[in-house]
Amino acid sequence: MNVYDKVLQFGSKKARARGMALNKLSRNRLEDIYAGSGPLVFGFGPIDMVDPGSLNPSIKTLDTVYVAAVQPDNQYVVHHFVPGRNEWVETDASTHQPTALVGVLVQDHKAKTREVEDLKSQLSQLRMEHEILRHEYERLKLKSPIVKPFKPLKVLLFSLLLGLLFAGVTNGARTGTCYAYDEEKDTCLYWEWKDSREVAWYDSYVTEALAIYNRACVYVRSKEFMTYLSLVFQTVFNWYFCATALAVYYMARAENPIVMFVTLALATLSQFQLLAVAVLPLLDFSATMGLWLSMVVFYMSQQISILVSFCVLVLSVMIGTFMADSEYAMMIKGHAVVFAIVCYSHVAMILNIPPWVVSLTMVCYRLWRVCFVFPAERLEIRSADGKVLHTVPTHPNWTAKVTRFVQSLRKGLRTSVAPTARIVPDGIAIVEAREGVGTCFRVKNNLVTSKHVVGSDDAVKIRWGAQEDMARVTYRHPTKDIALMALPTNLQTMPAYKFAKAITDGPIVMTAFDEANLLLVAVTEGVRVEDHMTYSVATRNGMSGAPITTVDGRVIAVHQTNTGFTGGAVIFVPEDIPEVRKISKREQELEDRVKQLEGMLNMDQAYVDSNLIVDLVREAVQREMKVLRTELANLGGFSQKKKGKNKSTKRKRKAVWTEEEYKAMLEKGFTRDQLRIMADAIRDQYYDDEDEQSEEEAGYPDWSDPGDSTDIENEWFGYEQSWKELEPAKSGVVVNTLPKDLVFKYSLDNYPISKQDIQAVAKELKIYEKAISDIISTSVSTDGKWKDDVDAQKILQELDGLWWGINHTLWEHGLMPFTQRRKRVQQPKNSKGALKTRAPKSAN
């Protein structure tokens, strides 16, 4: 019934075994009566029953099985089994102290367990509310401004860059006249400077702006309009203005702007200007280094710079062959861009193309790509079967990576590590269904996954390593996102997960496959909220149905949600797996027969009220009984005393068999106790020994109308056959049977065999008859004696085994064994014969 009852097993073991056998025949089961109770105690006790075999009602005391336990409401309840009714009935009996004490403790333990579960649920709810409030507090809390530390190196580099940029727009040249010159010393003795002033860097811009303004005011449609427009472009796309703005931006926002400062400085010296900045998103590390090298060489010699960039491109083509296709293509693309801008810059220098035209060209190219091409940010590298191997960004932008790398170094060090966890790498498999792909794992003889993975499919494909097979979906949980599948034959060696004893907040482990079929293991903190588990972990497609385990490898939940970084799972406990009860062949036949009868009943168009039929039968029986009473009352002298009741002496018990018959039966293997029981049974068929001293009037008992239809149904249909569940037991003692009586004892010729027997076990009966015939013919001579080379005990043991086997086969098919059937009566060989089927004559 429960674990306490299995361990303690109070009461008599014999009574327990008998009670379990009777429980199979009972209309109400002990599992339902004592559901949720403590340990049971079994014992034998008396019960008063009305003897149905006598004409006069009499009370007969029988021994039956008593069962007692403490119910969930702490009530000590006792039931006993009532034969005939085949039902457990509540009764009053003495209290078994150990059972009562343990039962009360069990119920108290269950109450405390429920209380603890409620407290855990409340604690989880409070923790979740605390996390929400803490998040809201952090959101509403006023953040203090972050003061960045003063870095002299950054300021120095920024000052040098500004000085380099402003040096290109300043005019520091001064002219004059030498009036006295010393040829020996090659020096000017008297120099007169001309009146000149240093041109400020903004004078040209102011002059140009005023000129544009004046000319626009005079006449906007003049021929010089295009000149004005070119001046505007020169102002907007001026390299020094753009470089200054970019340097200020990186100075304020970037943690490490040195890389950008170096690029801007080299672009200013080499006159690459905006070209160098515009192509940075297309360059990886090697291409960025090639750009720096080309700009340095370009400052010294343009022709050599073109040669150097081309050599670097060829070298990258040759050396990069060991790299992956995506990385190789990205590197070649970057070096090709470097070679192209070096050539473009050289052509611009030769043709005296203004710098603003080059800048405008790059801006137009980038605008065209953004507005019309719509380039993707990432490229997915897939295999031949469509699996995503990895993703590659279309713009490597190595300079941005360097900035992020430096920022990552500024993060605080971890003060703790994740706990060591036990994983089962071969314990999960991939589920492929029409709705998508997921993960599954084995628990007992079931494969478990999420219900939304299998969808409405009846069968899905399971891939476990190199093995593939189809699995049938056997169960979908009504309230949880859990589905069970039958374990295929090819996956019998798959490791199985075990359930955790308790599910609490703490470290959890998720083992799953991602969409690229890579094994991922994550250890994080999980929080239980009612029937769900929440945790923060990077989740991907294909992880649905993955097992969520403790650090000991015990399963506690099934992963179901995927929001990118936060995950969720549904709690998985043993109660979520339905209990599978094995249906016997007899029960299956009865179910099929019931369905057949229900179908026939549904096809019948004529509906007959069952209550009307019962009333008609009751009226007919009552009318017939009245007629019989009248006829019996009109018969004279019908009432008489029983024979043998008018004598004061007790009737003598006569022998049932003759001496020869008695000895012959002893030789056949029957014991004296067995013959005595058989003789008493034969005498009981002809004599009434209950009231030998009393004189009663023979006749029918008084008739009384039944109270309701229930009494009639119990009287007519309230009996069941109890032989079905009584399994034949194999005897351990071999009876010494004479060889000439083997055929009579083991042959089936003396037993009635029905049509149902032949339909069910015809093959087994034929095999049994042939085996019996072969054994007897090879071990018994024609004169009815054992052969010389035969071991009689071994032959008898073999015959007993065959006899027990055929009876057990009948019992398995729901048929009455031969041990419970009556043999056909044979005429005895003596002249007197057996006891006649009438009472012996009186001695008087």
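Glycine is treated like the rest: Cβ placed from N, Cα and C.
Annotation source Swiss-Prot lists coiled coil at 109-143.
Marked as transmembrane segment by Swiss-Prot: 231-251 (among others).
Look at Swiss-Prot and you will find 257-277 (among others) tagged as transmembrane segment.
Annotation source Swiss-Prot lists transmembrane segment at 304-324 (among others).
Per Swiss-Prot, transmembrane segment is recorded for 337-357 (among others).
Residues or ranges marked as active site, charge relay system by Swiss-Prot on the basis of similarity to another entry: HIS452 (among others). Within the same chain, the residues at least 6 positions away from HIS452 (active site, charge relay system) whose Cβ sits under 8 Å from its Cβ are GLU435, ASP481, SER544, GLN560, listed in sequence order.
Swiss-Prot lists ASP481 (among others) with the feature active site, charge relay system, giving similarity to another entry as the kind of evidence. A coil conformation is recorded for ASP481 (active site, charge relay system) in the three-state DSSP classification, outside any helix or strand.
Per Swiss-Prot, active site, charge relay system is recorded for SER544 (among others), and the stated evidence type is similarity to another entry. Neighbour count (other Cβ atoms within 10 Å of the Cβ, all protein chains): 26 for SER544 (active site, charge relay system). DSSP classifies SER544 (active site, charge relay system) as coil under the three-state reduction.
All chains included, 15 other C-beta atoms sit within 10 angstroms of the C-beta of TYR662 (O-(5'-phospho-RNA)-tyrosine). According to DSSP, TYR662 (O-(5'-phospho-RNA)-tyrosine) sits within a helical segment. The O-(5'-phospho-RNA)-tyrosine feature in Swiss-Prot is assigned to TYR662; the stated evidence is similarity to another entry.
Summarising the annotation, Swiss-Prot assigns compositional bias 'Acidic residues' to 687-699.
The region 'Disordered' feature in Swiss-Prot is assigned to 687-708 (among others).
Per Swiss-Prot, region 'Disordered' is recorded for 822-844 (among others).
With a 10 A radius on its CB, ASP481 (active site, charge relay system) counts 21 other CB atoms from all the protein chains. Only residues 6 or more beyond the boundaries of the coiled coil (109-143), in the same chain, are considered here, and those with a CB under 8 A from a CB of the stretch are 36, 72, 504-505, 527-530. The predicted model assigns the coiled coil (109-143) a mean pLDDT of 86.
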